[in-house]
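Structure first, then comments.
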C-alpha cells in the first residue's frame, strides 16, 4: 500500500495486526460520527463554560492540550488502543477547540462560524473529488507527504526561534503569513483525500476491525488541523 501522507495514520497502519475481524468503510464512518458527536458536545460545553469569568481558562486549556498530545501520540504508535483512546482524544480536542475558538471569537467577533463552514465545505468538496477521481490520491501522495514534513519542520523552527525572541513572518498577518496559511490549508485539504484513500484501501486489504477507530482518529486529526488553520487565516485577514 502506498505511503500515507497523514503521519497519525502512517505509523499505525504499518503496525496493524490481524485479529480475525475485518475493517469496513461503513464501520469507519460510524466511528467518525461518534467521535464528531463527542467532540461537538465537548466543544459546546467549553464554549459555554468559558463565558463564566470564574472558570479557570488557562488550566482547562493546559489539561486539554496535554491530554490531546499524549493520547494523540500513544494512539498514533499503538493503533490497537485506538478503540479505547479515540473517544477520549475527541473529548479533549473538543474542550481545546472550544476554548481556542472562544478566544478567537472574543478577539474577532463572528470568526468561528465561517471557519466551521469553510471546514465543512473542504470536507464535502474533497469527498466529491475523491469519489469522482479516486486515482488522484496516487498522484498527490508524495508531494503531500513532503509538504507535511516541511510544514512540521517550519513549525518546529518557529518554536525554537521563539525562545530567542525571534518571530517568523509566517505568523504575521502580512503577505507571507497569509500566503503560508493558504499553503497549509491546501495541504491539509489534500491530506483529507489521502485519508479517504487509505481508509478505503485498508478495508479492501482486510485490515482488522479495530483499525476503524484508528482510521477515524487519523481523519479527525486532519480535520482539526484544517479547522485551526482556517481559523488562523481568518484571524490574519481580520487583523488587517
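Each residue, glycine too, has its Cβ placed from N, Cα and C.
No curator has checked TrEMBL annotations; they are predicted automatically.
It should be emphasised that the depicted structure is a prediction, and the values quoted were computed from it without experimental measurement.
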Transmembrane segment range according to TrEMBL, out of 9-28, 29-48: 29-48
Contact ranking winner - 29-48, 60-79, 143-164, 213-235 against the transmembrane segment (170-193), Cβ under 8 Å: 213-235
Stretch in 110-131, 143-164, 213-235 most in contact with the transmembrane segment (29-48), if contact is a CB pair under 8 A: 213-235
